[in-house]
Amino acid sequence: MSTDEIYFNPIWDVRMTDTSLRDGSHHKRHQFTKDEVQAIVAALDAAGVPVIEVTHGDGLGGSSFNYGFSKTPEQELIKLAAETAKESKIAFLMLPGVGTKEDIKEAQSNGGSICRIATHCTEADVSIQHFGLARELGLETVGFLMMSHTIPPEKLAKQARIMADAGCQCVYVVDSAGALVLEGVADRVAALVAELGSDAQVGFHGHENLGLGVANSIEAVRAGAKQIDGSCRRFGAGAGNAPVEALIGVFDKIGVKTGIDFFDIADAAEEVVAPAMPAECLLDRNALIMGYSGVYSSFLKHAIRQSERYGVPAHQLLHRAGQRKLIGGQEDQLIDIALEIKREQETAKS
């Protein structure tokens with residue numbers, strides 16, 4: 001699969017994607033309004049952000065009882081984003097089994113031009129038909145290998161090859177839990193670069209659960225990554241994503257060209273994105289436990305909800321979720337864990 005058709009300005013060293021309006025949806029419990037989306041897209045576009053991702057936190061079709069219902073239908077937000085952006089491309093995420101082929105077609109008709117397809121890092125084969133459709137439709141394609149910390153670099157590279165052969169033009173090492181530490185990122189990115197060569201680019205998506213989102217992104221670029229994700233003001237699941245404004249500041253310092261103006265993106269983060277956030281994304285005990293125990297970042301809000309419902313500590317729920325090696329889509333098992341801890345508490349009292 002050639003990378004010639006990828007949207008990539010020759011002056012860039014890496015292409016940045018802002019995920020505030022997708023990963024940030026987890027933090028906001030999927031309650032974005034049209035006014036918020038329009039304002040954020042306009043600010044990011046003006047700052048020179050090449051790609052802006054817009055969908056429910058769990059991708060196309062994610063609005064559901066299991067994941068949480070959207071305040072505004074995601075397809076309406078994709079259309080609004082595409083109409084608002086003057087230069088930025090609009091990307092959308094889909095997870096096979098959550099979203100459908102028809103969702104991809106509708107997202108494209110609403111102005112989305114980059115289809116990002118995510119699977120668990122050992123299940124790339126479930127994305128084959130979706131990449132095929134996306135390429136048939138003329139969409140640019142990106143693949144997400146989620147929870148990349150759970151398998152070694154050489155196995156991750158084999159999964160990346162499956163995506164690339166199916167039509168994926170850039171495969172991401174996705175640190176869904178914010179659990180990877182420096183060399184762990186570099187080794188995985190380097191393995192993918194060696195495997196894919198010129199067949200596909202390699203990207204990195206980080207979280208701040210151990211406070212390493214920016215540092216890990218730098219490691220990824222130095223290992224050969226050409227696409228990097230972040231969110232303004234860390235607006236994302238868990239402790240949030242690598243903050244775009246900080247990434248741009250650091251990239252400017254070390255000579256990595258992105259085409260994004262540091263001062264404009266800092267203004268966007270402070271004046272436009274921050275007011276749309278229900279609260280700052282914190283590196284608190286819950287987030288740290290997720291990074292330390294390797295828990296999917298979107299579990300945070302679900303764990304807090306079950307903690308309040310059953311009267312058990314959220315950080316204990318998250319730690320046990322890590323011990324059980326739960327992955328995205330298994331959020332409902334937090335209820336079982338909460339009941340288990342509740343029984344243990346009652347037994348200890350008797």
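Positions of Cβ are set from backbone N, Cα and C atoms, glycine also.
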Co-listed Mn(2+)-binding residue [Swiss-Prot; alongside His205, His207] among Asp23, Asp35, Asp45: Asp23
Per Swiss-Prot, which one of Tyr292, Tyr296 shares the substrate site with Arg22, Asp23, Ser176, His205? Tyr296
Just to confirm my parser: what is the rounded mean pLDDT across the domain 'Pyruvate carboxyltransferase' (14-266)? 97
For His205 (substrate binding site) and His26 (active site, proton acceptor), determine the Cα separation and express it in whole Å. 15
Taking the recorded substrate site as Arg22, Asp23, Ser176, His205, Tyr296, identify the other residues of that chain whose CB atom sits within 8 Å of the mean position of the site's CB atoms, giving them in sequence order. Thr19, His26, Gly57, Phe144, Met146, Val174, His207, Gly236, Ala237, Asn241, Ser297, Ser298
For Asp23 (substrate binding site) and His207 (Mn(2+) binding site), the CA-to-CA distance in whole Å is 10
Which of Arg22, His26, His205, His207, the listed recorded positions, has fewest other Cβ atoms within 10 Å: His26
Sort out for me which one of Asp23, Ser176, Tyr296 has the most neighbouring CB atoms within 10 A, since those are the binding-site residues we care about. Ser176
I'd like to confirm something. Which of the recorded positions, Arg22, His26, Ser176, Tyr296, has a Cα closest to the Cα of His207 (Mn(2+) binding site)? Ser176
